[in-house]
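Worksheet: one structure, shown below.
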Amino acid sequence: MTRVRGLAPAARAGLVLLALLLAVALVGPLLAGDAAERLTDAGQQGASWAHPLGTDRLGRDVLARTIVAARLTLLMAAAATAIAAVGGILLGTTLSLLRPRAQAVGARFVDLLVAYPAILVAITVTAILAPSAKSATVGIGLAFVATFARLTHTLARSVAGRDHVAVARLLGLSSWHVLRRHVLPNVAEPLLVLTSVAFSAAVVALSALSFLGLGVQPPSYDWGTMLTDGLASLYTNPIQAVGPALGIVLTGVTAGLIGDGLASILDPRQAGRARRPVIVSAPPAVSAPPAVAGPPAFADPPTASVAAASANGAPPTAGLSVSGLSVTRADGVPLVSGVDFAVAPGEIVGLVGESGSGKSLTAMAVARLLGAGVGASADVLRLGELDLLAADTDARLATRVGVVFQDPSSSFNPALRVGTQATEVVRVHGGLGRGEARDAAVAAFGAVRISEPERRMRQYPHELSGGMRQRAMIAAALLPGPELLIADEPTTALDVTVQADVLDLLCEANRERGTAILFISHDLAVVAQLCHRVLVMYAGRIVEELPAELLRSGAVSHPYTRALLGATPRIELGAERRPPRGLPGRPPQPEQRPDGCAFAARCALATERCRETAPELELERAGEGRRVACHEARPVAVGETSG
């Protein structure tokens, strides 16, 4: 009831008109009695008190016949619209499940069908099946299927790339389940509008078929056949055409208004505005941002020997082990090549680099969340004893790997309540009932300092602030107790105060739960203070791996890492004032990467050897835990000369 009161006046008018049309269709024939069929001598009369819309050539009352014809006209239009909507949505979703090449071919075929005039399709089908009301209904329905299919396919493809769909895939849900629960609810609004437009168009098209003699056949009649009779007497009795014409126009207007009204009712954002919720953000953390606060305090951080073992290529006893990871496009162009690293239990490893360096692709390959048209291969890809390259790991991966995405506004499905999404993993794969899952989620929401957790779980994502959405995403990711948490630039879209709070939550999860974290960021200052070890990526390869304390001191070896540090402003108290230095040029595109070092074109130390031979990622100095891929590597603190 609240949502109905919140409708726009035009949508309310549509509801009133719909109620009027339904009443006419349901009880109109009873009220009209035999006036619609009774033959009289008063043929072709104009408007009068006895016959407000005149009579036809056989003396039958036009108003009564218009009322009686409403039922058959609306039923035929509704049936044709249902055929088009069901068939088109099924076809569009089926296309979305196909492989990229088959999907492209199917989409072009649908475009071809859309380009063919719908009325010609309907005429062809009706002529094949023989003119009748059923043939006309089927013909119009089939004619509109392609329109629904194209819109469904286009919308499904746009929604399929959002983060909440990637999360659903991480849960191990089937493609049909993802489409039904996470894609179709988010495309319902435009499909509803199209349905209302199709219903209106179906009324007009059915009337056109009846006008051509291919629709309703005597003695039955609809508004189309009545309009045909009225137009035949247009010059002698023009009012005879007013009744059916008015019915067609009124139905079209009603369909348009109802489409907008249904869209507003089913759109949770409209419902939120109607209820005018008060969004209460969690109080900001009192701790300063990690970029300026110094190293966080970790409980039982990995020892230097663990980091050194990882740097030597030896996988940890448990945790994440990656060796020879490559990510390739469908056309064979490598995006990420030969990536080796490990994340020990209880360790935070940072992954930094420019946009396009392959950070997120590497993380998504680990989580098995790469998009269509991209494939991954590796010599070793394990999480503890679980082989991530095996085909049957999705269900187990759902509870052992958590993902926090960059944009909190797209991390959740906007059509589902926050609590429903936060508890999905533990309900689907954790064996918890709804009540148990809800209690666990309430506790998790409270642990990440979300105020009024029970209320927040009943709200839609848009009703939460950006920081609260990100905290809810962290709570949902940690709820099943994952061994590894992948945080893909989780603070990029947040203000500085909320960033500090989110980073503090990640530190707390690592410190209290022992959760290993792969933290992706552009911010070297944050990575240096938050992480135990740091991986630096450039053009799809790791070019340097080093302990975070070396990064904090500026004692880095690779020229690219030095350039990144040189471009980072220093804001610590007492730090030497120096303007940040930009790095000229851009990383090469994947298809333009050279055989030699990809950074050579931007490096002041590059030699002919660098341009001809790509350096391997090798241990630089035993015991230091540093690996570097550079022929001219030398540990030089930022601010010192490199020559």
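Each Cβ is built from the backbone N, Cα and C atoms, and glycine gets one as well.
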Stretch carrying transmembrane segment according to TrEMBL (options 136-152, 306-322, 374-390, 595-611): 136-152
Helix-strand-coil residue split for the compositional bias 'Pro residues' (581-591), DSSP-based: 2 helix, 0 strand, 9 coil
Sequence-remote partners of the transmembrane segment (74-98) [C-beta within less than 8 Å, at least six residues beyond its ends]: 21, 25, 106-107, 110, 133, 136-138, 140-153, 156-157, 160, 175-176, 179, 183-184, 191, 195, 198-199, 202-203, 205-206, 216, 222, 251
Remote residues contacting the compositional bias 'Pro residues' (581-591) - C-beta distance under 8 A, at least 6 residues beyond either end: 329, 333-335, 354, 356-357, 538-540, 563-564, 566-567, 598, 601-602
